[in-house]
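Following: one structure in C-alpha cells, then a few remarks.
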Amino acid sequence: MVSKGKTAVVIGAQWGDEGKGKIVDVLSENFRVVARYAGGHNAGHTVLIGGKKFVLQLIPCGVLRPGCRGVIGNGVVLDPIAFLNEVQRLRDLGVAVDGNLFVSSRAHVILPYHRMVELASENAPGRVKIGTTSRGIGPSYEDKMGRRGLRVADLLDSTLLKKHIENACKEKNTIVHALFNAEPIDPDKMYNEYAKAAEKVAPFVTDTAVLLNNAINSGESVMFEGAQGTMLDIDHGTYPFVTSSSATSGGAVIGTGVPPTSISTVIGVTKAYCTRVGEGPFPSELHDAMGDAIRKKGNEFGAVTGRPRRTGWLDLPLLRYSNMINGTEWLVVTKLDVLDELDEIPVATSYKIDGKESEEIPAQGCGFDKIEPIYTKLPGWKTDTTKISKYEDLPAKTKEYLKFVEQQSGAKVGILSTGPDRDQSIYTDAFVNALGLKHLGK
C-alpha cells in the first residue's frame, strides 16, 4: 500500500499580512502541490526572488517553484479578469504557469456587480465601515451562501452565463439604484467581456478535489495556503470586522474537498509584533511614535491596497486563541528583524477586563473596548539579525524572546524570518526533522 503524502496547512495567526506568502514560497520546494482554499484577490502575498518582486493576489505561491503545481480551490472566489491579468504578469516574468496551475470548477465567480454593491454599501450613510478592499469578495460570498452565485463551471457555459447575468443585473441594478442611487450595469457589455474571459480561463479549469485527493493518495506532498488571518475569520475573528470566508485551518478541508484526516500538520504564521489593516478591534495597538517607527521599518503598507497598517505589540492571548482554533503545531515568527534595535520589547500576556485579569477573547466587537492589555517587558537583543542563517547563532536574548513565545502560546517555533528574501529564513532542527525538509528555501 502506498503511504499518503505529507500535508501542511499554513495559516495566518493574526489579522493577515503575517508573511504567509514568503513562508509558503520557501517551503514549496518540499511540496509537489500548493493549494489556495479561501478568499479572493484581496489577499496580497509579496515574494522576492533574485531581486524580482512577485505580488500574488489570487494564484498560489507554489507556481514560482519549478515542479510545483498551484491549485485554486472551491473555497476561493475568482475574479476571471483579475486572474487572467495575474497569469499574464507571471508569464511576463518568466514563470511557467500553463500546465502548472489549476482552478476548481466549483469555485464561485466575482462579477462587476459584486464590486458595485460592495462600494455602494461600504459608502452608504450610517453604515459601519468594515474597511474592505472593495473587490467584490463579500458580495460574491453572499451570493454563494444565498444559492444565487455563479460557479466557474457555469462561467464556461455561454447560455447559462448569459441568462445568469441578465437575471442578476436586473436584481442588483434595482437594489443599488433604490438604496444607493448608483449607476446601473449594462448586462450585454458584461456578458461580452466575461464570455471572452471564460475562453481563456477554460484551460485551467478542472475538478481540483479529485486532483488533490489523487495527489495525496499517491504519496505526493500538498501544502494548503491560507488567506488573511484567524482574527479575520468569518466565524472566529473579530466580527463584524472580518473577511467573508474561513481563514482557519478548518477552511482547508471545506475549501478544497480533502478529508480532515489528510491534514498532517498546521503551521501558524505570526509577526513578532501585530498589525491590522482597516477598521476593527486591536487591543495592543500603538498610537505613538513607536507605532510609526515599526510601520516605517517593517514597511507596513498593504501589498494589494497600499494602505498603511496599524501596528502594535505581540498579543499572546490572541495567539493562544489562534493556536487553539487551528490546532497549530508550529509557529513561524516573521519580521523579527524589525525589533532588532529596541532596548526592551513589551508583549501582551493577558488582559484586564472590567478590572479583572482575563485571557478570554470577547465574542462581541464592543467587548474589546473594555480590554486593557497587561504587558511583560522582555529585553531587546540590540543586534542585526538580517544576516544570521542558523538558529544557534542568534543572540541569547532573541532565543529568550522566542522561548517565551513558545511557552506562552503552546506551539513550537519552526521558522524565523529576518527579511523579505528567501535566504533570510532560519529553521529550527526540530521543524526540519519533523517535516522531513530536504530543501530550505534558498
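The backbone N, Cα and C atoms fix where each Cβ goes, glycine too.
Residues or ranges marked as GTP binding site in Swiss-Prot: 16-22, 44-46, Arg309, 335-337, 417-419. What Swiss-Prot records for Asp17 is active site, proton acceptor, and it gives sequence analysis as the kind of evidence. Positions annotated as Mg(2+) binding site by Swiss-Prot: Asp17, Gly44. Under the heading IMP binding site, Swiss-Prot lists Asp17, Glu18, Gly19, Lys20, Asn42, Ala43, Gly44, His45, Thr133, Arg147, Gln228, Thr243, Arg307. Positions annotated as active site, proton donor by Swiss-Prot: His45. What Swiss-Prot lists as substrate binding site is Ala303, Val304, Thr305, Gly306, Arg307, Pro308, Arg309.
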Long-range neighbours only, meaning 6 or more apart in sequence with Cβ under 8 Å: which ones does Gly19 (GTP binding site) have?
Val269, Lys271, Val332, Thr334, Lys335, Ser417
Between the C-alpha atoms of Leu336 (GTP binding site) and Pro308 (substrate binding site), the distance in angstrom, to the nearest integer, is 19
How many other Cβ atoms are found within 10 Å of the Cβ atom of Asn42 (IMP binding site), counting all protein chains shown?
27
Collapsed DSSP category at Lys22 (GTP binding site):
helix
For Thr46 (GTP binding site), list the number of other Cβ atoms lying within 10 Å of its Cβ atom.
18
Residue among binding-site residues Gln228, Thr305, Thr418 with least C-beta crowding, 10 angstrom cut-off
Thr305
If you measure C-alpha to C-alpha, which of Gln228, Arg307, Thr418 (binding-site residues) come within 10 angstroms of Gly44 (Mg(2+) binding site)?
Gln228
Cα within 10 Å of His45 (active site, proton donor): which of the recorded positions Asp17, Lys22, Thr305, Arg307, Pro308, Arg309 qualify?
Asp17, Lys22
Could you state the CA-to-CA distance between Gly16 (GTP binding site) and Gln228 (IMP binding site) to the nearest Å?
4
The rounded CA-CA distance in Å from Gln228 (IMP binding site) to Asp17 (active site, proton acceptor) is 7
Sorry to bug you, but what's the C-alpha spacing from the residue listed as 'active site, proton acceptor' to Thr418 (GTP binding site), rounded to the closest Å?
15
Take the C-alpha atoms of Lys22 (GTP binding site) and Gly306 (substrate binding site) and report the distance between them in angstrom, rounded.
18
Have a look around Arg309 (substrate binding site) and count the other CB atoms within 10 A of its CB, chains all included.
20
